[in-house]
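Trainee: Right, I'll just put the structure down here and ask away after.
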Amino acid sequence: MDLGAVTKYSALHAKPSGLILQYGTAGFRTKAEHLDHVMFRMGLLAALRSKQTKSTIGVMVTASHNPEEDNGVKLVDPLGEMLAPSWEEHATCLANAEEQDMQRVLIDISEKEAVNLQQDAFVVVGRDTRPSSEKLSQSVIDGVTVLGGEFHDYGLLTTPQLHYMVYCRNTGSRYGKATLEGYYQKLSKAFMELIKQASCSGDEYRSLKVDCANGIGALKLREMEHYFSQGLSVQLFNDGSKGKLNHLCGADFVKSHQKPPQGMEIKSNERCCSFDGDADRIVYYYHDADGHFHLIDGDKIATLISSFLKELLVEIGESLNIGVVQTAYANGSSTRYLEEVMKVPVYCTKTGVKHLHHKAQEFDIGVYFEANGHGTALFSTAVEMKIKQSEQLEEKKRKAAKMLENIIDLFNQAAGDAISDMLVIEAILALKGLTVQQWDALYTDLPNRQLKVQVADRRVISTTNAERQAVTPPGLQETINDLVKKYKLSRAFVRPSGTEDVVRVYAEADSQESADHLACEVSLAVFQLAGGIGERPQPEFKIGHSAAETTCNINNAFGLGTANRHTVLIQCSDSSRSFAKETRALKMTSTVAIHQQLTMIN
Ligand SMILES: CC(=O)N[C@H]1[C@@H](OP(=O)(O)O)O[C@H](CO)[C@@H](O)[C@@H]1O
Ligand SMILES: [Mg+2]
């Protein structure tokens with residue numbers, strides 16, 4: 001290791017003194033202007049990891065669903081997986097070392113991990129469409145080359161495409177060809193094979209509206225679309241030609257606000273979906289004939305996929321085991337449906353796909369999804385062996401085995417992938433002849449609410465039991481237990497976020513009002529017992545899509561009685577400011593005192 005060169009080049013990517021960052025659930029994420037030194041150092045670290053594992057390592061420059069001004073970086077391990085936990089710690093040490101300590105930290109990591117510095121290193125780099133990404137990925141490359149590593153810069157890629165490239169390169173191309181062309185061909189071929197098996201009702205021309213969050217997903221779906229257009233026509237919205245990345249659109253927006261993205265016109269019963277900013281998450285939705293919005297999230301996606309795979313296994317006559325992995329955010333109805341109706345074992349892990357991915361590897365077929373739409377399915381070598389042996393099976397079983405083989409090829413087993421998941425879902429819906437409403441009707445989600453609470457130090461909250469119970473601060477869990485008892489079919493938990501400086505609160509109950517009240521009461525308990533800062537959590541009534549809907553919300557609030565003399569916090573987006581004005585008029589004529597605050601959603 002040429003430490004002189006490291007020092008010299010590091011000075012060109014100097015760390016702002018005092019800046020401390022943590023390699024969190026999804027790598028480093030913060031304002032783009034604070035990340036140059038982190039990128040250079042992650043280039044160094046990726047080269048070391050590559051030397052140690054004698055494999056290709058990936059570096060992705062993205063901040064996923066964060067605002068456009070942010071950026072981030074994460075490393076991808078040899079089998080396309082998230083970086084090993086011990087190396088996450090090294091990443092944090094290296095990113096936070098002051099300039100004069102850099103050499104010592106690098107040597108420490110190399111010694112601790114017994115890295116042979118003479119070994120070659122190879123790193124592949126990808127980036128999303130943020131204005132800051134190109135320059136930042138160049139800083140990663142500087143880091144790789146200063147340690148004598150070689151690199152391949154894929155340029156613009158979705159995050160899951162980079163995971164796929166790493167996986168292909170480290171498995172001698174058995175998984176696929178490590179090019180975009182290879183990715184498009186592998187997935188499209190599998191999709192077209194599956195679609196061919198769908199019994200054609202004649203009138204079904206499959207089409208889907210896709211909100212691309214103004215991100216990389218739009219570019220890559222455009223490139224890919226002609227490979228599968230015979231089987232599915234996609235109509236792209238928020239394709240980056242005008243709107244801002246993730247602004248009022250994308251999977252995260254749709255899931256957390258439980259409403260459609262801006263910039264997409266939805267006719268009743270049309271199938272629509274949203275990707276997030278780096279295209280590793282997907283959620284579906286539709287408007288029913290009465291104009292009501294229905295969200296089909298990661299839980300329902302996992303249900304559709306696992307029920308289809310289970311049926312295939314039954315048809316093939318194989319006793320391979322199948323498991324579904326969720327987090328505490330999974331809707332209680334989904335867990336009940338999977339366990340009680342489908343009789344599939346369900347496991348709960350901590351938040352963050354690396355936890356779900358590892359658990360899913362324990363099964364012959366492991367399906368994992370976070371409620372926000374990030375997930376995939378993993379297949380063991382036992383499954384592949386059984387498929388190979390299916391040549392001898394009778395016709396019907398062979399057909400099912402062939403279907404399984406294609407569906408395996410269609411999944412991105414390296415990481416959750418919006419494009420791959422979209423094609424899997426479309427294929428399953430076609431094969432089963434299901435409409436989006438029939439899929440949605442598998443079970444009814446329990447009403448739920450997620451809130452964020454600001455505290456001075458979110459580390460005062462520690463949790464156990466896959467984050468479903470708070471251990472500290474003292475008294476918090478007991479308070480939550482008492483609050484939960486007040487509502488029917490209720491559940492609530494709190495945990496410190498791994499990507500934002502907030503405590504997340506989740507509550508579900510038999511009605512939206514109950515879920516909202518419970519979430520609010522739990523937020524207040526967090527605020528009081530865990531050192532809340534800023535404004536106290538308040539009961540919250542969101543502004544509706546239309547003036548009429550908003551008026552109705554406010555009236556409901558009055559109707560509750562409890563709203564009297566309450567502070568009503570009205571959140572409104574830019575475009576709904578006019579509605580806010582109308583509700584101000586309502587305030588003037590009402591007998592209830594409303595202290596109105598206008599805050600921006602997002
Ligand atoms: C409730 C929620 O959606 N949490 C998200 C979010 O993590 P937090 O640790 O909750 O901030 O970002 C992660 C990375 O994208 C994602 O894996 C996870 O599901
Ligand atoms: Mg993402």
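Glycine is no exception: its Cβ is also placed from the backbone N, Cα and C atoms.
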Trainee: Please pick, from Ser64, Ser86, Ser490, Ser497, the residue that TrEMBL records in the Mg(2+) site together with Asp276, Asp278, Asp280.
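Mentor: When TrEMBL describes the Mg(2+) site, the candidate it includes is Ser64.
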Trainee: Match it up for me: which of 106-133, 386-413, 526-553 does TrEMBL list as coiled coil?
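Mentor: Going through 106-133, 386-413, 526-553 one by one, TrEMBL flags 386-413 as coiled coil.
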Trainee: Using the Cβ center of Ser64, Asp276, Asp278, Asp280 as the Mg(2+) site position, which other residues in that chain lie within 8 Å, going by their Cβ?
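Mentor: Other same-chain residues with Cβ inside the cutoff are Thr62, His65, Asp128, Thr158, Thr159, Gly215, Ala251, Phe275, Gly277, Ala279, Arg281, His374, Ala418.
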Trainee: Near Ser64 (active site, phosphoserine intermediate), how many other Cβ atoms are within 10 Å of its Cβ?
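Mentor: Taking every protein chain into account, the count is 27.
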Trainee: With an 8 Å cut-off on Cβ-Cβ distance and a minimum sequence separation of at least 6, pull the same-chain contacts of Asn372 (substrate binding site), or say none.
Mentor: Ala251, Asp252, Lys255, Arg281, Val283, Asp297, Gly298, Tyr329
Trainee: Around ligand 2, within a Cβ distance of under 6 Å, which of the recorded positions Ser64, Asp276, Asp278, Asp280, Pro496, Gly498 show up?
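Mentor: Cβ < 6 Å from ligand 2, in sequence order: Ser64, Asp276, Asp278, Asp280.
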Trainee: Of Ser64, Asp276, Asp278, which is closest to Pro496 (substrate binding site) if I measure between C-alpha atoms? They're all recorded positions.
Mentor: Ser64
Trainee: Just report the maximum Cα pair distance in Å for the recorded substrate binders Glu370, Ala371, Asn372, Arg495, Pro496, Ser497, Gly498, Thr499, Arg504, no decimals.
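Mentor: The widest Cα-Cα gap among those binding residues is 17 Å.
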Trainee: Starting from each candidate's C-beta and looking 10 angstroms out, tell me which of the binding-site residues Asp276, Asp278 has the most other C-beta atoms.
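Mentor: For the binding-site residues Asp276, Asp278, the Cβ with the most other Cβ atoms within 10 Å is Asp278.
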